[in-house]
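First the structure, in the form of structure tokens, and then the observations on it.
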């Protein structure tokens, strides 16, 4: 395809992204993350003309984007929390209260190098369900979520 896609931020700054036919929203977000140091999970992208939010996993060209198109980037605000692992070590995580427990678990998986099915999270003594948003648990800036390993055996 060739050509560039323009990503425009609310502050007016713009970045140019080399566009490929097969490029997906996830790949675009990774490119943006490298350029402006905003994690992919904090990014919301919309087609500037239609104002439609771009769909994950769908090639950009199938969403009406081509060389010369402009995408609007909105950065979602985050809070910083701690996750304490089974060894008692706490690590900081940047999260949005709208994201699900499963999304936080994916962040933990990457940092702790453990599979999602090998642990569960709890906050203030309550187990956290994967499908529920973090806001349901009353998380606040600086709070600690606990990582609990699943027991093996029978």
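Note that Cβ sites are derived from N, Cα and C of the backbone, with glycine treated the same way.
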Matching range for Swiss-Prot feature annotation, motif 'LRLRGG', among 143-148, 149-154: 149-154
CB within-chain contacts under 8 A for residue 150 (site 'Interacts with activating enzyme'), separation at least 6: 117, 118, 119, 120
Rounded Cα separation (Å) that holds between residue 143 (S-nitrosocysteine) and residue 78 (S-nitrosocysteine): 13
Residues in the domain 'Ubiquitin-like 1' (2-78) grouped by DSSP into helix, strand and remaining coil: 19 helix, 25 strand, 33 coil
Most crowded position, judged by CB atoms within 10 A, among 78, 143 as modified residues: 78
